[in-house]
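A short worksheet on the structure shown next.
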Amino acid sequence: MEKAEYTVANKSDDTVVCYSPTMITTNGVWQGDNPLDYSLPLFILQLTLVVVTTRLLVFILKPLRQPRVVSEILGGVLLGPSVLGRSVNFANTLFPLRSVMVLETMANIGLLYFLFLVGVEMDLSVIRRTGKKALAIAISGMILPFVIGICFSFILHGNEAEPLAHATYILFLGVALSVTAFPVLARILAELKLINSEIGKLAMSSALINDMCAWILLALAIALAENDSTSLASLWVVLSSATFVVICILVVRPAISWMIRRTPEGESFNEFYICLILTGVMISGFITDAIGTHSVFGAFVFGLIIPNGPLGVTLIEKLEDFVSGLLLPLFFAISGLKTDVASIREGQTWGILAVVIVLSCAGKIAGTVLVTTFYHMPLSEGFTLGLLMNTKGLIEMIVLNVGKDQQVLDDESFAIMVIIAVVMTGIISPIVATIYKPARRFVPYKRRTIQRSKPDGELRVLVCVHGPRNVPTIINLLEASNPTKKSPICVYVLHLVELTGRASAMLIVHNTRGSGRPALNRTQAQSDHIIHAFENFEQNSSFVSIQPLTAISPYSSMHEDICGLAEDKRVALIIIPFHKQQTVDGGMEATNPAFRTVNQNLLANAPCSVGILVDRGLSGSTRLAANEVAHHVAVLFFGGPDDREALAYGWRMCENTGTSLTVLRFVASDESLASTTELPPHIHDQDDPRILTAETDGVQEKRFDEEYLNEFRTKSAENELVVYAEQVVNNGEETVAVIRSLDSGHDLFIVGRGQGMSSPVTTGLTDWSECPELGAIGDILASSDFASTVSVLVIQQYVGLMPHETAAIPDSPPGQPDDKPANRWTPQASGTATPVF
């Protein structure tokens, strides 16, 4: 048997743990072996237990808006000596002392590669371009908690310690209290919908600077902790670390740049290069560990020197999910396993713990408020910013673990600091969500629809894009929307990005990098591609202005971002892609089921008209001769506010000299009208006032339809490119037959969603609807068995409270009830929408 010593902090005697070099893999239970006596099966079980526990806690704490780091640390505490580990059988069976070396080694490998990724994702040029305000907030937010840490070090550490040991203790305690976790903060800001706000951008910039300062202090603290015998050794450690950084910048970075230049643009990197870089991470970790700094410092610096661009994207994609999803929780779990709450024995210590939490939190808030007051920011914003800067995470846990390994922190101090980290990070989201309500300047506006928009005024459109595939058709649709000098189009392009646990997805928001700089990750590369395409469209078109934006949210609440932006920018129409896309054989397949949820939520909550675009390609207009037509648009008119909105959009398009418009109105025959005069199925009482309301609405809507169609026909009479036709049908079957017989030469069908409108011409069509959110006609046009070359735009008009109260007046006065957004539809359990009578 080989022997290895495992030293337990603050115990006078060393614990001797025996390792058997042959007991790695088991011969199997049928040979009488217990798998838990062997290191590999035991490690696999431990890893599974840690991942399952932390994921379960993430799920449980999600309603409380807790970041993942809190769940991961609590998972470790739960498995450790504080809770389950109090059972001797549990501790000895699943987490015996002999397994600690393997567990910690794997955790540190995970940490090594995670810090490498953090370095790859971090853009140092952001710090150079950061304003004085963010710099002042970062520094002032570090100084006061550091001072508080110095004061409490005398209480926690005692006065009898050696001066150098006490100085190291102060440094560790100060860094742990004053640091702000950038990745955790980014996640919290995104979940609170503050990431695009001014306060969010300021918090991100300050946290980035704070992170860099913390790394420098951490390197210094480790140098002092590992060489407490003589200060000269510490000096050598600092100088060696500085030399390592210089060599990385002057030698390694040019070598990596050479690799990038050797790879043709658009091609994947040679596996040999990727392997070389991943090996370089371990070599850097080995060198910095050998010279006396922690191995993670070398990995982080190595990540920093990787140039931003496609190489960074490739490395992140290959590593991030495995490292941050599987190996990193091990590191947090190890921190929890080392935390023994029972070691905090005295009631006085618990009192000190509470005071440290309050004062260190108050120190950051006070430091931040001082700076924000100097810059004339509101007190509430300064207080919120101070709270956000208290976010703890990875760097603090590294500081504490190194401190405990070097015996700078004893069990009690370590447990206190871990509890402080969890409590401070855990309370931020709920408190900020409760106290900070951003002052959103909702300006009531009447131009919530295309029908109401002034013919000689600006048309504001919010375009939502999931990825580059959506871009060409949307650009061609906007081009066909007839931007003119009298009526220009202002387009807000919103790139929809799902909020995940990945840090790389967050960095797209911190969009302060200069134009022409390479993207940090695939999300940002996609966003750049989308923005570039729309900016090209703006440059090549007249009377179109483009404003690119990004929304990072969970899909479940993404519609809130879209609706909020539409309200803020006072847009008349939101265009969002359908959740299915066309396949090579002409069929339709779902890209992401979550896109459908976003669309359904948007239809139910939008403060303006909404258009869902079924993308089957829309040919772009080229420079045409005077007698040629670029787009052939067909509007199918059945009646109701949605169809009037569809006609309004088609009408705008046909004013473009390159667009022909066919308006086909479906009219119910007399026989079908006579047979379908029954009431809605949920209304039976003849005295019910809703009967009169429903009947009145129907009469009103028909009158509005006639007035609007007559106006359209009168004003378009001289336009040779406009064709108006009426088709009498008896039922839904005949309607479908007419639609199928339409000329396939059209590029685009525009139809109303038609919710709330019952008509004999659509009878029975909803019985087999695949996508009710498109309405009966939209669903038929979007189905796989329909014409595969025609794109479809399904429009829902915003009509305020009740159709007869608002929709009739093209230019309602300021007192009209339409000033406040209200929803026509009440979502049902099935996901469909029903009219409110």
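The backbone N, Cα and C atoms fix where each Cβ goes, and this holds for glycine too.
Residues or ranges marked as compositional bias 'Polar residues' in TrEMBL: 825-837.
Among the features that TrEMBL reports, domain 'Cation/H+ exchanger transmembrane' is placed at 55-432.
Residues or ranges marked as domain 'Cation/H(+) antiporter central' in TrEMBL: 489-626.
The annotation domain 'Cation/H(+) antiporter C-terminal' is assigned in TrEMBL to 632-800.
Annotated region 'Disordered' per TrEMBL: 806-837, in sequence order.
Outside the transmembrane segment (40-61) by six or more residues, the chain places 24-26, 68, 70-72, 74-76, 78-79, 94-96, 99, 102-103, 106, 325-326, 329-330, 332-333 with a CB less than 8 A from a CB of the stretch. TrEMBL lists 40-61 (among others) with the feature transmembrane segment.
The transmembrane segment annotation in TrEMBL covers 73-95 (among others).
What TrEMBL records for 101-122 (among others) is transmembrane segment.
Long-range contacts of the transmembrane segment (134-156) within its own chain (CB-CB distance under 8 A, at least 6 residues past either end) are made by residues 166, 169-170, 173-180, 202, 205-207, 209-210, 213, 352, 355-356, 359-360, 363-364, 366-368, 370-372, 374-375, 385-386, 389, 413, 416. Feature annotation from TrEMBL assigns transmembrane segment to 134-156 (among others).
The annotation transmembrane segment is assigned in TrEMBL to 168-190 (among others).
The annotation transmembrane segment is assigned in TrEMBL to 202-225 (among others). Packing against the transmembrane segment (202-225) from elsewhere in the chain are residues 122, 126-127, 130-131, 133-135, 137-139, 141-142, 164, 167-168, 171-172, 174-175, 178-182, 185-186, 189, 194-195, 234, 237-238, 241, 292-294, 297, 300, 385, 388-389, 391, 395, 398-399, 402-403, 406, 408, 509-510, 512: each is 6 or more residues past its ends and has a CB under 8 Å from a CB in it.
Long-range neighbours of the transmembrane segment (231-252) within the same chain, counting only residues 6 or more positions beyond its ends whose Cβ lies under 8 Å from a Cβ of the stretch, are 164, 219-220, 222-224, 280, 284, 287-288, 291-293, 297-298, 301-302, 304-305. Under the heading transmembrane segment, TrEMBL lists 231-252 (among others).
TrEMBL lists 272-291 (among others) with the feature transmembrane segment.
Residues 112-113, 115-124, 215, 218-219, 222, 241, 244-245, 248-249, 252-253, 256-257, 259-260, 263, 265, 268-269, 274, 277-278, 280-281, 284-289, 504, 517-522, 525 of the same chain lie 6+ residues outside the transmembrane segment (297-316) yet bring a C-beta within less than 8 angstroms of a C-beta in it. TrEMBL lists 297-316 (among others) with the feature transmembrane segment.
TrEMBL lists 323-344 (among others) with the feature transmembrane segment.
Counting residues 6+ beyond its ends, the transmembrane segment (350-375) has Cβ neighbours under 8 Å at 133, 136-137, 140-145, 147-149, 152, 155-156, 177-178, 344, 381-383, 385-387, 389-390, 416, 419-420, 423-424 in the same chain. TrEMBL lists 350-375 (among others) with the feature transmembrane segment.
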Top partner of the transmembrane segment (414-436) among 101-122, 168-190, 272-291 - counted as Cβ pairs under 8 Å: 168-190
